[in-house]
Amino acid sequence: MSGKGKSAGADKASTSRSAKAGLTFPVGRIHRLLRKGNYAQRVGSGAPVYLTSVLEYLTAEILELAGNAARDNKKSRIIPRHLQLAIRNDEELNKLLGDVTIAQGGVLPNIHQNLLPKKSGKGDKASQEL
């Protein structure tokens, strides 16, 4: 006897926790990292699923915005500059990742208002002539 009960012949392939939750990121790996990281003595079964879904959502959001930035610059490959532009131009992501430095990200283009050339109106020429 194999000890599998009545359905000894019908072996079903195991389904991963990522597939059960409908996620792409690995739930098992996140669970292992939570256990090995000494964050708590015990880790519940729902915590890694929730954390994995949050990580997957944030990654998808950042990559979508970075892809839009790459397309705006007529590029087909996302580089750190596109990630920087995507994060800094989004209010919520900028608040979340405000203290993060992205290597090779550059800075946002910003010219102070006082340094811009003044717009000359029609009455300016008469006032400057003496």
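Backbone N, Cα and C atoms are what each Cβ position is placed from, and that goes for glycine too.
Over in Swiss-Prot, the protein carries these features:
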CROSSLNK  K125  SUMO cross-link
MOD_RES   K4  N6-acetyllysine
MOD_RES   K6  N6-acetyllysine
MOD_RES   Q104  N5-methylglutamine
MOD_RES   S127  phosphoserine
SITE      K118  site 'Not ubiquitinated'
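If you take the Cα of Q104 (N5-methylglutamine) and the Cα of K118 (site 'Not ubiquitinated'), they are about 34 angstrom apart, rounded to a whole number.
For the recorded site, K118 (site 'Not ubiquitinated'), the DSSP three-state label reads coil. Secondary structure at the residue listed as 'N5-methylglutamine', taken from DSSP and collapsed to helix, strand or coil, is coil.
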